[in-house]
Structure formats: structure tokens, C-alpha cells
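S.K.: What TrEMBL lists as signal peptide is 1-28. Residues or ranges marked as region 'Disordered' by TrEMBL: 45-88, 421-465. Marked as domain 'Neurotransmitter-gated ion-channel ligand-binding' by TrEMBL: 98-277. What TrEMBL lists as transmembrane segment is 300-324, 331-349, 365-388, 487-507. Here TrEMBL flags 308-404 as domain 'Neurotransmitter-gated ion-channel transmembrane'. Positions annotated as compositional bias 'Basic residues' by TrEMBL: 455-465.
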Amino acid sequence: MAMSKHMLVKISLLVCAVLSQYGMVLEAMGVFPYGRYTRDVSHTANGALPPPAVNSVRPPPEDQPETFPGPREIPRDKEDDFDNSTIDTVDDKVTPTKVFVSMLKKYDERVRPDFKGPPVKIFCQLVVNNLGSVKAETMDYIVTVFMRQRWIDSRLQHYDYNDTIILSSRNLDRVWLPDIFFVNEKAAGFISTTGNNKMLRIYPNGEVLYSEKYTMLLKCRMNFEMFPMDTQVCTLQTESYSHTDKDLLLIWDENPVVLSGDIELPEYILRGKRYTTCDNDRDIGTFTCLEAQFKLVRRLGFYLLSSYIPSIMITVLSWLTFWISPEIAPARVALGITTVLTSTALFGVNRQTMPRFSYIRAMDIWMMVCISFVFGALVEFIAVHFIFKRHKKFGFPKKVRNLVGLNKHWKFKYRKQVSRARGESPPFGGSQRELLAGGNTSQDNTPLDLEQGTPKKKRRRPRRRTAAEVTLLYQTRARRIDLVSRVVFPTTFTFFNIAYWTVYLSWYEA
């Protein structure tokens with residue numbers, strides 16, 4: 001009998017050990033179908049372990065499935081905690097969370113405030129945090145702004161809690177918000193490093209302040225007729241997407257456009273801002289629109305160093321050919337062609353950074369005049385070289401022969417040859433015959449009239465120019481053209497500079 005009791009004790013201990021290990025396994029797995037097993041050895045009799053105590057856990061009834069809140073439904077636990085009996089005080093204290101949840105019980109964020117009543121007035125303020133990357137070739141710019149909007153929503157009044165309720169970005173979809181968009185937007189959705197870029201405040205009187213950060217690529221209509229002394233006005237237009245002026249009015253707030261003090265542009269100077277309205281009439285009605293304008297004046301220093309000064313130097317360099325002898329043709333040709341090609345290349349580089357438009361810019365006028373002076377210097381050398389090397393009448397037009405005095409010489413030579421062929425004396429004066437006296441008649445070789453016997457006044461006979469004299473005449477004419485060009489080209493270019501800079505600098509607003 002004692003042996004059997006001893007065996008029963010061992011079996012009981014073995015069963016308890018097995019059940020204990022089984023319970024530990026279930027506890028590690030987080031599964032307790034029969035509750036936790038506890039051991040209490042203080043009330044055992046005869047060293048025997050008591051039966052395990054079970055803390056039962058009731059499974060949920062099968063006929064009551066678990067419910068989940070809808071997309072716009074307040075969770076059940078929150079709603080139970082904020083019923084009408086406990087909304088005013090929780091431990092003698094009103095919390096903004098309870099106030100907000102209480103307001104949402106009868107709130108429909110899909111309907112605008114004062115539905116079927118007067119239009120909602122949205123007061124807007126634009127805080128420009130950054131403005132830059134103004135590109136002339138694509139006519140756009142990047143701007144970072146804080147768009148602040150204020151309106152009254154009487155459904156959100158909470159005079160029982162005399163303080164401001166601040167909502168995070170996760171709860172913004174529970175409140176009605178204006179559906180504004182930016183009219184001249186080209187691209188948006190830039191990722192922000194801060195993450196949360198929205199804020200909403202609800203004041204006790206129902207006033208709502210909504211602020212959101214935007215980083216956008218906006219188009220900017222530009223005019224380059226005054227380039228590079230131009231002034232561009234870039235705009236930012238905002239408008240409601242679905243509400244006409246019968247439902248929603250956009251109005252500029254006090255101090256509507258605020259510029260950050262550290263805005264600095266490398267190519268432009270931000271001269272100021274303006275604000276106005278730009279209402280748009282569409283098929284379904286009139287939509288109110290707000291427009292902010294930013295005045296940008298281009299900096300001239302970069303273009304002075306990259307375009308104006310180099311073009312002046314190239315133009316002056318082309319005039320050095322006037323001081324090179326016409327006999328050194330290779331040097332003058334090389335210098336002239338080099339300056340023409342350089343001016344043309346510089347003009348092409350300036351055009352590449354601009355859109356393809358048909359009107360003429362201020363820079364185009366400057367470059368075309370400089371190219372004209374450089375090309376004129378090359379043409380001047382061609383004319384000088386042509387005159388310098390042509391020593392004979394052949395190839396010269398009549399006007400050129402008259403200019404250098406060749407016609408008289410060749411006419412006299414032709415008449416003399418005809419007279420000799422006929423056996424006549426050279427024609428010196430009509431029908432009268434003249435005789436050149438020898439040594440016994442007159443010492444000064446004065447011609448005598450054979451019929452009258454009286455001396456006749458000597459008529460100067462055109463002297464034939466030698467080849468050396470004709471060559472010298474051509475060279476003198478050519479060098480005279482160079483001398484005139486040394487004065488005419490610089491003087492004309494100086495007058496052009498005075499007129500150009502006087503006109504365009506008077507319009508420059510920097």
C-alpha cells in the first residue's frame with residue numbers, strides 16, 4: 001500500500017512536470033486555450049500537488065464578428081470615451097482631442113461651410129521662402145512658398161474650450177479645405193526633406209488657418225527685346241478648381257505677399273513684388289484668381305565680360321589692317337578673316353542660350369553692328385589691294401580711270417599715233433600751224449606763227465606719265481583709302497556706342 005502511494009506520488013510529479021513544460025511552451029507561443037497554470041504547494045496534503053488552477057479566458061462569441069471603423073467613422077473606443085456625459089470634463093479638464101472628436105460627430109467635410117448660403121471668403125497670404133533657377137531657354141522658374149489661407153467655418157466653433165486646436169497632417173482630411181491649384185504650374189510634387197508640410201489651426205470662433213508648403217516649377221512669360229538689359233515679370237496664379245465665385249471667393253489678406261530677406265539670384269535682381277486679381281470666365285462660371293508678380297531685373301555684369309568687351313576688342317583688332325602695308329596681303333587677309341569668324345562665332349554662342357524667336361534683341365543689334373565693322377575692314381582691304389596692284393588701264397571702269405586721271409593721258413597718246421600715221425604734225429590748235437623754233441629763233445622755244453611772223457603764246461602739252469608714275473599714283477590712292485579708314489571706322493563706331501548705350505541704359509532699371 002505504501003508502495004502504491006509512493007508510485008502515485010511519482011506519477012503525479014511526472015504528470016505535473018509534463019503539464020508544466022506544456023504550459024511553458026504555450027506561454028512562449030502566446031496561446032492559452034485553457035488559461036495559465038499556477039502551482040500552490042502551500043496547501044498540499046501529504047506532499048501531493050493540488051490540481052492546477054485555471055484562469056479562464058473567454059473567446060469572442062462566434063455570432064458577434066469584430067467590427068472596424070469606416071473611412072470617415074470615429075473609432076468605437078474613442079466615441080465611447082467622448083460621449084455627451086463626459087465631454088466637458090475628464091478629471092475636471094477639457095482636452096482638445098475630445099473637443100475635436102465631438103465636433104466631428106455632426107461634421108461633413110465634403111460640404112463647404114454655409115452650404116447654399118453666401119460664398120466662403122478665403123483670405124490668402126503668400127510667403128515666398130525661395131525663388132531661383134530662372135531659365136530663359138525654357139522660360140520658367142522654381143519657387144518655394146508657404147500658402148496661408150483663412151476662412152470661417154461655423155461648424156467648428158468650440159466656445160467650451162477657449163483655446164486653439166492644432167491638427168496634424170494625419171487629421172486634415174477630416175476638415176473641409178479649399179481646392180486651390182496654381183494656374184501657371186508646369187511641375188510640382190518635389191520631395192521635401194521635412195516631411196510634414198501642412199498645418200491647420202481651429203480657433204474658438206470657428207476661424208480656420210491652413211498653411212501648406214509648396215515647391216513648384218512655374219512658367220514665366222518673358223520678353224527679350226531689351227536683352228541683356230531686360231526686366232522680366234514672373235507671376236504666380238492661384239485659383240479654385242471646382243468652386244465658382246458663387247461658392248468660394250479668393251481674397252488677398254493683409255500684407256498679402258511676403259518675401260524672405262535672404263532671396264538672392266545670381267543672374268537677376270529682385271526689385272519688388274505686386275499682387276492683383278486675375279478672375280477667369282469659364283463655361284460653368286467665373287472663378288476667382290489671385291496673382292502675385294515678381295519683378296526681376298537682369299544683371300549686366302556677366303554680359304559685359306562675356307559679350308560686349310570681347311566684341312569691342314575684336315572690332316578694334318580688325319582695324320589694325322589699316323596700318324599694315326597693302327603689299328603684305330597674307331597678313332591682312334589672315335587678320336580680316338580671323339576677326340570675321342570670331343565675331344560670327346560669338347554671335348552664335350549668344351543666340352544658343354535663348355529661345356528661337358523672330359524679333360531682334362538689343363544684343364543682336366550690337367553684335368550685327370560689330371560684325372559689320374569687322375566685315376567692312378575686310379572689304380576695305382580688298383578694295384585697297386585691287387587699286388594697289390592694278391597699274392594699267394585694262395580692267396578699270398571709266399569712273400576709276402577718271403578718278404586717277406588716266407583718260408587724258410591715253411587720249412593724247414592715241415591722237416599722236418594717228419597724226420604720225422597720216423604724215424601730219426601733232427594737233428596743237430586747230431588749223432594754225434605751229435613751229436617749234438630752233439636755237440636761232442627763240443631761246444625759250446616759243447612757237448611762231450609762219451603767216452603773221454609773230455610769236456604765239458605757248459600751249460602746254462599734256463605730258464605722258466611713265467609706268468613708275470602710274471604705279472605710284474595707284475599706290476598713293478590705295479594708301480589714301482587706308483588713311484581715311486583709320487579715322488572713319490573708329491569715329492563711326494564711337495558714335496554708335498554713344499547712341500546705343502544712351503538709349504538702352506535709359507530703359508535699364510537696375
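Cβ atoms here come from the backbone N, Cα and C positions, even for glycine.
In TrEMBL, annotation is done automatically, which means it is predicted and not curated.
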S.K.: For the domain 'Neurotransmitter-gated ion-channel transmembrane' (308-404), what does DSSP give as the number of helix, strand and coil residues?
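M.R.: Helix, strand, coil within the domain 'Neurotransmitter-gated ion-channel transmembrane' (308-404): 75 helix, 0 strand, 22 coil.
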S.K.: Please give the sequence-distant neighbours of the transmembrane segment (487-507): residues at least 6 beyond its ends with Cβ less than 8 Å from one of its Cβ atoms.
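M.R.: Contacts with the transmembrane segment (487-507): 226, 229, 315-316, 319, 322, 362, 365-366, 369, 373, 376-377.
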S.K.: Mind looking up the mean pLDDT for the domain 'Neurotransmitter-gated ion-channel ligand-binding' (98-277) in the predicted model?
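M.R.: 90, rounded to a whole number.
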